[in-house]
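TrEMBL has this to say about the protein:
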REGION    37-109  region 'Disordered'
COMPBIAS  56-74  compositional bias 'Basic and acidic residues'
ACT_SITE  GLU177  active site, proton donor
ACT_SITE  ASP310  active site
DISULFID  CYS374-CYS403  disulfide bond
ACT_SITE  GLU417  active site, proton donor
ACT_SITE  GLU446  active site
BINDING   THR535  Ca(2+) binding site
Amino acid sequence: RTRPRRGQRWWERLAGEQRRRETKRDGIIVRVTLVSVQKPQRHFRRGPPNLQIRAPEGDPQERRQDQAQKRAEVVGEAGWGAEAQRDGLRWRGAGTKPEQGPRHPLKNAEFSSWPFQQQALRIRAHRGGWPLARVPVTGLGGAVHLCPSGTPPADGSGQTCWALRLRRENVDVNLFESTIRILGGLLSAFHLSGDVLFLKKAEDFGNRLMPAFRTPSKIPYSIVNIGTGAAHPPQWTSDSTVSEVTSIQLEFRELSRLTGDKTFQEAAEEVTRRVHGLHGKLDGLVPMFIDTNSGSFTQLGEFTLGAGADSYYEYLLKQWIQGGKKERQLLEDYLEAVDGVRKHLLARSEPRKLTFVGELNHGRFSAKMDHLVCFLPGTLALGAHHGLPAEHMELAQALMDTCYQMYRQMETGLSPEIAHFNLQRTKAVKDVQVKAADRHNLLRPETVESLFYLHRLTGDRKYQDWGWEILRSFNTYTRVPSGGYSSISNVQDPRHPQPRDKMESFFLGETLKYLYLLFSDDPDLLSLDTYVFNTEAHPLPIWAPS
């Protein structure tokens, strides 16, 4: 069995099932895979996670030292900590120490020191170069992705080294992507595991991101070097997208709550305050770009809920929920924006009368809708669950049907990256139209994310059925025989979908996670009354009253 047991942590499963050593002899790479066949001898924590809903009391530094000492005592009792260090394995992280000399396969005698009672060996041989099962990671802090076919990374960016072994720390990363993926992931791992190491790493990484906020306007730069602290906008512009600078607040607020250091929260909330007071909005809708020098919106008159603005609206609602529904300004901005969507961006297609969210460009309406906009049904449903008007749920259900049709009306059963909706009254064409440049599918999570929310909050099993159809289409047209999944270039050609040999990390981190939650009938599994998910699907706790 490869599925982790309930209460088992991912690195323990990784140690038991996927820790490998390879040696090359006579042109053959021999892979040794350790597979757990019995429950681990001891966990630090069993059963459901002990949720850290309240901020820990006492001095943060003393608390971290006490918890580290307790963890060290438990490791010593388990009898494997020293051996793990000897073998160059860091059991609380994903990396390994740089190895000296040639690599050798594990010996049977070494297995007794691992934290499992019994293990089984699988030995597979691969001739030639890169084995197909090896999956390199490239592009940390940007478009993080995997190569399912096992081809070695070709971008030469040096970021791979940072991701795999931390050999190089002077790396430029994107503030937004690094916050939602890495910082959010570390905070979530802390809450789900109770291991203070994740909080320590989150605090360190948060401090490395803070130089991005040192701008004349307090609107952060998009790029920051996590080694030198140098921050700057992209080379081609002084602008950041509005979604970038307004979708980091959940993570920085939570980091401050846990560490007691208000610096993180103050920097992120200052951005929220400044964006709230800016001119250039349209009934709560915001432009896509903001200048980091002046702090003003740029490219006025362009409004979308797709790329550049999407998660601004999501984080207005989720911050309000995260903070215990006390921050009135966040709620008012969110409600105004929903009304703005209804007034300016909603339309219905022909012939099926599908409700969709278009775009507005200097007063001209465009029937264009990014797949990214399919986050909105889930967000609206979440708001309705937390007491917002029932009409939000009605709109959520209508938009959910539209997002499903973006899949259903394609020959592969997979949605294009961008859809254009037919507004002409004729039955000869489909509602969903696709341009040649937009017919790729990147394994995005937004539709299955919203399906999860709609099913969890309504109990209607049709949303599970729709998710099952989508999963079957992923398996049919994007799955790679040797392992993994790949983006495809043409959702309209089932015979030749043109795989791209690229699997975005959000497919693992979000798409599959939301599918798993969608197919679960347990409402207490990451309950929406206990957690709020960040925009990269990392659950963070809703703050309890102090």
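Every residue number used here counts from 1 along the chain in the order it is shown.
The backbone N, Cα and C atoms fix where each Cβ goes, glycine too.
TrEMBL: automatically predicted annotations, no manual curation.
The structure displayed is predicted, hence computed values, not measured ones.
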Active-site residues near CYS403 (disulfide bond) (Cα-Cα within 10 Å), from GLU177, ASP310, GLU446: GLU446
Distance from GLU417 (active site, proton donor) back to ASP310 (active site), taken between C-alpha atoms, in Å: 15
Alpha-carbon spacing, GLU446 (active site) to CYS374 (disulfide bond), which is rounded to whole Å: 5
Cα proximity to GLU177 (active site, proton donor), best match among recorded positions CYS374, GLU417, THR535: THR535
Cα distance (Å, whole number) from GLU417 (active site, proton donor) to THR535 (Ca(2+) binding site): 18
Residue pair CYS374 (disulfide bond), GLU417 (active site, proton donor) - Cα distance, angstrom, rounded: 11
GLU177, GLU446 as active-site residues, winner by CB count within 10 A: GLU446
Among ASP310, GLU417, the one of these active-site residues whose Cβ has the fewest neighbouring Cβ atoms within 10 Å: GLU417
